[in-house]
Amino acid sequence: MKSDSIAVDVPAESSSAIKGKAPLLGLARDHTASGSYKRGLSIFDFLLRLAAIVAALAAAATMGTSDETLPFFTQFLQFEASYDDLPTFQFFVIAIAIVAAYLVLSLPLSVVTIVRPIAVAPRLLLLVLDTAALALDTAAASAAAAIVYLAHNGNTNTNWLPICQQFGDFCQKTSGAVVSAFASVTFLAILVVISGVSLKRP
């Protein structure tokens, strides 16, 4: 009596199928490495925003409180120098205050990029807004720096005399404000670079 044997053929996976599955593990590892890399960039981004906020607030506060009065012969006749005497310094205070406010409002979005490092939309939004803030900050700092230079050195071609020999405290405060503004410009420029790099990396 013959026993009927039933043979079940199990097709072996071809080498091409095995090769097709192998990259999935590699992609998973690359995805994790990319996420940790972007999370590190996001933490650095958050710290830079804090530093830029401090620099911008220091610049706006220093310029906004720059005021000096010099008595001339009598107490009724005085010379006064204040930031609101010059439209450029007024623009500086307003623009830097706007930049500082934006940086404060951008902190929650920066936290989102830390929690979700792979998300593209928050990084893209931060990149666009940071670029606009950088342009405004640079314009304000550059314009104020030009006026501070004239206050220190004057211009003989237009008979503009330097006033810093008389208004030393005023010039010192405005110079400090410009230095702080350029510090915030540097921080913003680094933020733009970080956002661009994190968007490009797969």
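Start at 1 and count along the chain as shown; that gives each residue its number.
Any Cβ shown, glycine's included, is placed from N, Cα and C.
Features of the protein shown, as given by TrEMBL:
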type: DOMAIN; residues: 39-186; note: domain 'Casparian strip membrane protein'
type: TRANSMEM; residues: 46-64; note: transmembrane segment
type: TRANSMEM; residues: 89-112; note: transmembrane segment
type: TRANSMEM; residues: 124-151; note: transmembrane segment
type: TRANSMEM; residues: 177-199; note: transmembrane segment
Item to check | For the transmembrane segment (177-199), distant same-chain residues with Cβ under 8 A (at least six beyond the ends) | outcome: 38, 41-42, 44-45, 48-49, 51-52, 55-56, 58-60, 62-63, 66, 92, 96, 99-100, 113, 120, 123-124, 126-127, 130-131, 133-134, 137-138, 140-141, 144-145, 148
Checklist outcome for this item: Long-range Cβ contacts under 8 Å made by the transmembrane segment (89-112), restricted to residues 6 or more beyond its ends, are 42, 45-46, 49-50, 52-53, 56-57, 59-60, 63-64, 66, 83, 119, 122, 125-126, 129-130, 133, 136-137, 139-141, 143-144, 147, 174, 177, 181, 184, 188
Checklist entry - What counts of helix, strand and coil residues does DSSP assign across the domain 'Casparian strip membrane protein' (39-186)? => result 110 helix, 17 strand, 21 coil
